[in-house]
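Here is what Swiss-Prot says about this protein:
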{"type": "BINDING", "residues": "Arg55, Thr56, Arg106, His135, Gln138, Leu268, Pro269", "note": "carbamoyl phosphate binding site"}
{"type": "BINDING", "residues": "Lys85, Arg168, Arg230", "note": "L-aspartate binding site"}
Amino acid sequence: MANPLYQKHIISINDLSREDLELVLATAAKLKANPQPELLKHKVIASCFFEASTRTRLSFETSMHRLGASVVGFSDSANTSLGKKGETLADTISVISTYVDAIVMRHPQEGAARLATEFSGGVPVLNAGDGANQHPTQTLLDLFTIQETQGRLENLNVAMVGDLKYGRTVHSLTQALAKFNGNRFYFIAPDALAMPQYILDMLDEKGIAWSLHSAIDDVMAEVDILYMTRVQKERLDPSEYANVKAQFVLRAADLEGARANMKVLHPLPRIDEITTDVDKTPHAWYFQQAGNGIFARQALLALVLNSELAL
């Protein structure tokens with residue numbers, strides 16, 4: 001089938017319409033059920049990680065290999081010309097784009113992925129995270145997991161907990177779920193790490209219900225999805241981190257009274273915001289969520305690199 005994502009840059013979740021999201025999720029489900037090990041057999045994809053990553057990088061590279069693509073790139077920019085010789089990001093991308101069919105990129109600077117599109121010569125750039133800004137492929141696997149566990153992406157009660165200021169995953173996920181009808185949001189965070197005002201303004205403009213809370217217990221009985229996040233030490237000064245890191249911790253005992261099919265999600269890595277006794281409960285779904293990253297990213301790569309896709 002012809003698809004609207006062919007050769008498209010994927011920088012922000014807002015680059016994707018509701019119909020685009022549904023296409024990616026449907027493709028992910030097909031690839032999960034029916035692997036396609038030669039779909040990208042003659043493609044070369046650059047995996048360029050200017051910032052540390054475990055799950056996102058390995059998930060993306062596994063996705064590439066399982067579709068038959070060749071993979072080039074780096075996991076540490078310190079050993080590149082950009083890191084050692086002071087080459088600009090623009091020049092780095094201009095050169096890499098002459099070698100490959102697509103560029104997957106993570107960078108600590110907000111807006112770096114969007115900047116890269118200006119120098120990629122039309123080669124698609126897929127944002128694997130740019131600072132505290134956007135993480136669209138994490139959002140796709142989150143949506144895929146929510147749809148699998150809840151059977152829908154509409155009329156959901158979704159709580160987001162922890163670092164909502166710097167946590168790019170919650171920004172992207174809120175924007176994505178706002179494209180679907182009837183969803184309600186509960187934001188649970190210390191004042192220093194509250195959801196940015198532009199997200200709240202967006203929800204208000206769309207007439208979407210949201211509320212602020214100071215404790216997980218306030219909403220446990222009402223939610224379908226409890227999306228936990230870690231306090232990101234690397235984005236805070238030491239005194240601020242010490243003050244807020246243990247303020248919101250989920251324990252197995254806290255899950256009493258939760259809806260039977262409520263799922264706890266987390267973009268990982270987990271530090272101490274979810275105790276290990278939660279892992280043994282039927283609500284814990286963060287490891288399955290991480291595994292779904294393979295299928296969501298396979299779907300996106302397949303769509304971006306194939307003008308027509310019949311699965």
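Every residue, even glycine, has its Cβ placed from backbone N, Cα and C.
Under the three-state DSSP scheme, Thr56 (carbamoyl phosphate binding site) falls in the helix class. Sequence-distant neighbours of Leu268 (carbamoyl phosphate binding site) (same chain, 6+ apart, CB under 8 A from its CB) are Arg55, Tyr286, Ala290. With Arg168 (L-aspartate binding site) as the anchor, the candidate binding-site residues are Thr56, Arg106, His135, Gln138, Pro269, and the one with the nearest CA is His135. Same-chain residues that are not part of Arg55, Thr56, Arg106, His135, Gln138, Leu268, Pro269 yet have a Cβ within 8 Å of the Cβ center of the carbamoyl phosphate site turn out to be Ser53, Thr54, Ser59, Ala128, Gly129, Thr169, Pro267. Arg230 (L-aspartate binding site) is 7 Å away from Pro269 (carbamoyl phosphate binding site) when you measure Cα to Cα. Neighbours of Thr56 (carbamoyl phosphate binding site), defined as other CB atoms within 10 A of its CB across all chains, total 25. Remark: Arg230 (L-aspartate binding site) has Gly162, Asp163, His266, Pro269, Arg270, Ile271, Glu273 as non-local neighbours, by Cβ distance under 8 Å and separation of at least 6 in sequence. Binding residues for carbamoyl phosphate (Arg55, Thr56, Arg106, His135, Gln138, Leu268, Pro269) extend across at most 16 Å, taking the greatest CA-CA distance.
Between the listed binding-site residues, namely Arg55, Arg106, His135, the fewest other CB atoms within 10 angstroms of a CB are found at Arg55.
Sequence-distant neighbours of Gln138 (carbamoyl phosphate binding site) (same chain, six or more apart, CB under 8 Å from its CB) are Thr56, Gly129, Arg168, Thr169, Ser172, Leu173, Pro267, Gly293, listed in sequence order. In the three-state DSSP scheme, Pro269 (carbamoyl phosphate binding site) falls into the coil class.
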